[in-house]
Amino acid sequence: MRLLEERIKKDGQVLGEDVLKVDNFLNHQVDPELMAAMGEEFKRLFEGAPITKILTVESSGIAPAVFSGLAFHVPVVFARKHKSLTLQDNMYSATVYSYTKKVNNHISISKKFLNENDRVLVIDDFLANGQAVEGLLEIIDQAGAQLEGVGIVIEKTFQKGRELLDQRGIHVESLARIAAFEQGEVVFLDENNEN
């Protein structure tokens, strides 16, 4: 998605060898016009899929997921990372490793929001090692729901997340695919003449 790639080039900040900071428009301050465009693009990419729910993990996946839910006209459910006093029993849960924060998170979703009749599209902000998506897939399996696909805002193709999902035959669409970080700059996959 050219609009997103341009925004990453303009406002993204490469930290070290494998971290991209996009807090200016995605995961701290949110650009609603960009989010709306991303929601419409996910709608186009998964056109025809009988999606009944959008699923993500709090907190950075919420904005793109909500705008995708708006485009699909379906509810959005986000997995919570912290136990809540209002969410005690009847939960689906999984443990996921946060690549950026280097910690394990226990994620959970109330059973009343996901069931065997749901056809789910997972939306998340980043795909690196695939841990967040794997956790959501575990929850989808627990619910007996059916996965329709995974939509990723920014994919780091130099990490193993896509490979893990491809091995499972999962339909994955990423709006921006990063091939590398070179000298503090983002190199997108299409700039490397790769597909």
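Each residue, glycine too, has its Cβ placed from N, Cα and C.
The xanthine binding site annotation in Swiss-Prot covers Leu20, Asn27, Lys156. For the recorded site, Leu20 (xanthine binding site), the DSSP three-state label reads strand.
All protein chains included, Gln131 (5-phospho-alpha-D-ribose 1-diphosphate binding site) registers 20 other Cβ atoms within 10 Å of its own Cβ. Taken from Swiss-Prot, the feature 5-phospho-alpha-D-ribose 1-diphosphate binding site applies to Ala128, Asn129, Gly130, Gln131, Ala132.
Sequence-distant contacts (6 or more apart, same chain, Cβ under 8 Å) of Ala132 (5-phospho-alpha-D-ribose 1-diphosphate binding site) comprise Val57, Gly61, Val96, Ser98, Asp124, Phe126. Leu20 (xanthine binding site) sits 11 Å from Ala128 (5-phospho-alpha-D-ribose 1-diphosphate binding site), taking the CA atoms of both as reference points. All protein chains shown were included, and the count of other CB atoms within 10 Å of the CB of Leu20 (xanthine binding site) stands at 20. Recorded residues Lys156 (xanthine binding site) and Ala128 (5-phospho-alpha-D-ribose 1-diphosphate binding site) have their alpha carbons 5 Å apart, per Cα-Cα distance. For Lys156 (xanthine binding site), other Cβ atoms within 10 Å of its Cβ number 24. Neighbour density for Asn129 (5-phospho-alpha-D-ribose 1-diphosphate binding site): within 10 A of its CB lie 17 other CB atoms from the protein chains shown.
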